[in-house]
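One structure below.
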Amino acid sequence: MEFDLIERIRRRTDTQRDDVRTGIGDDAAIVAVPAGRELAVAIDTLVEGVHFPVGTSPEDIGWKALAVNLSDLAAMGATPAWALLALSTPDGSPAFFDGLADGFAQLAGSYRLALIGGDTTRGPLTVTVAVHGFTSPGEALLRSGARVGDIVMVTGTLGDAAAGLRCLGEPDVAPYAALIERLNRPVPRVSAGQALRGIATACIDISDGLVADLGHICAASGVGATIDAPMLPRSSALFSHFDDAVALDFALSGGDDYELCFTVPADRAATMTADLARVGCGVTRIGRIVEGQGVRVLDAAGNVLSPSHTGWNHFAS
Ligand code: ADP
Ligand code: MG
């Protein structure tokens, strides 16, 4: 790809950091990890038509490609530092590159994250970002630490992004702007993840849906979980456009929320809630860790709900 286009990205994502010895422009970047710290490294690819709808703006694509990666660092409690960007695109226009770089930079700037390299090729539209963050030895939030008796918590609200995706097909999308914003501009819970270090016993970010992702904590920890469906935090935007049953489906199974789901011993709940409030993050208790395996969802009466192609229902009799 033309050097020109890479240079456009470099100029628009120019964050200065002392620990970047050599950034974009050489054969490899050279960076310095602070003494005594460890690297948390994650990578995620977004494919057009799979991870974002055809027609998504270059700015939103740039933002989201970084956001989903920062969400992985958030779920580890790591502090973001650097990123690599590998781009395959059929569109070699300056406008596309500028838009993508601007969306990326809008989010990177909040974390003083430096883009230190990448790769650019012509091909179907896919965007891969790799991020690097710092953790101290033994401090990262793993999926494997949940214990029977812990409570299960989530940050923010669930289901908006899946609802936003559903609304994109509407002839007039203006009334759904808040939901579509959650789909296109997810805000990773970086400071919440850092505040949970030393407090949460296990943590994951919700990319595939609450039940699926909490299931990963259960599998890694060798425990089960029970969720109380009426407790699931859902936004007023979600309830104003969808009925209860659909809002529940989105909250349980919808992807792309990028909230954190974590477990914590019950006697630490108050401290944890105060810590998260300090970083501006709301949190809701949604269930508990139990013996066994897998995730059970209970309705208000304590009956088990089960997933089907029509959504989460009571077992058919
Ligand atoms: P090479 O052939 O050595 O891989 P490239 O032409 O691919 O060199 O890249 C030149 C420089 O630009 C490298 O430092 C590379 O990391 C950087 N770079 C290429 N594409 C991107 C991109 N999309 N985002 C950020 N940096 C990039
Ligand atoms: Mg290259």
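First residue shown is number 1, and so on along the chain.
Just so you know, glycine gets a Cβ as well, placed from its N, Cα and C.
Feature list (source: TrEMBL):
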DOMAIN    25-134  domain 'PurM-like N-terminal'
BINDING   D27, D72  Mg(2+) 4 binding site
BINDING   D27, D72, D205  Mg(2+) 3 binding site
BINDING   D44, D119  Mg(2+) 1 binding site
BINDING   D44, D72  Mg(2+) 2 binding site
BINDING   H51, D256, W312  substrate binding site
BINDING   G118, D119, R143, S207  ATP binding site
DOMAIN    147-297  domain 'PurM-like C-terminal'
BINDING   D208  Mg(2+) 5 binding site
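Positions of TrEMBL features highlighted on the structure.
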| residue | record | DSSP class |
| --- | --- | --- |
| D27 | Mg(2+) 4 binding site | coil |
| D44 | Mg(2+) 1 binding site | strand |
| D72 | Mg(2+) 4 binding site | helix |
| D119 | Mg(2+) 1 binding site | strand |
| R143 | ATP binding site | coil |
| D205 | Mg(2+) 3 binding site | strand |
| D256 | substrate binding site | coil |
| W312 | substrate binding site | strand |
Binding-site residues near ligand 2 among H51, G118, D119, R143, D205, D208 (Cβ under 6 Å): D119
Surrounding CB atoms that lie within 10 Å of the CB of H51 (substrate binding site), all protein chains: 19
Neighbourhood of D208 (Mg(2+) 5 binding site), C-beta criterion under 8 angstroms, separation at least six: G255
Binding-site residues whose CB lies under 6 angstroms from ligand 1, from H51, D205, D208, D256, W312: none
Neighbour count (Cβ, 10 Å) for D119 (Mg(2+) 1 binding site): 12
Top Cα neighbour of D256 (substrate binding site) in the set of binding-site residues D72, G118, R143, D205: D205
Shortest C-alpha distance to S207 (ATP binding site) - which of the binding-site residues H51, D119, W312: H51
By Cα-Cα distance, the member of binding-site residues D27, D72, D119 nearest H51 (substrate binding site): D72
Distance check against D205 (Mg(2+) 3 binding site) for the binding-site residues D44, D72, G118, D119, keeping those with Cα within 10 Å: D72
Spatial neighbours, same chain, of D72 (Mg(2+) 4 binding site) - Cβ under 8 Å, 6+ residues apart: A42, D44, V131, D205
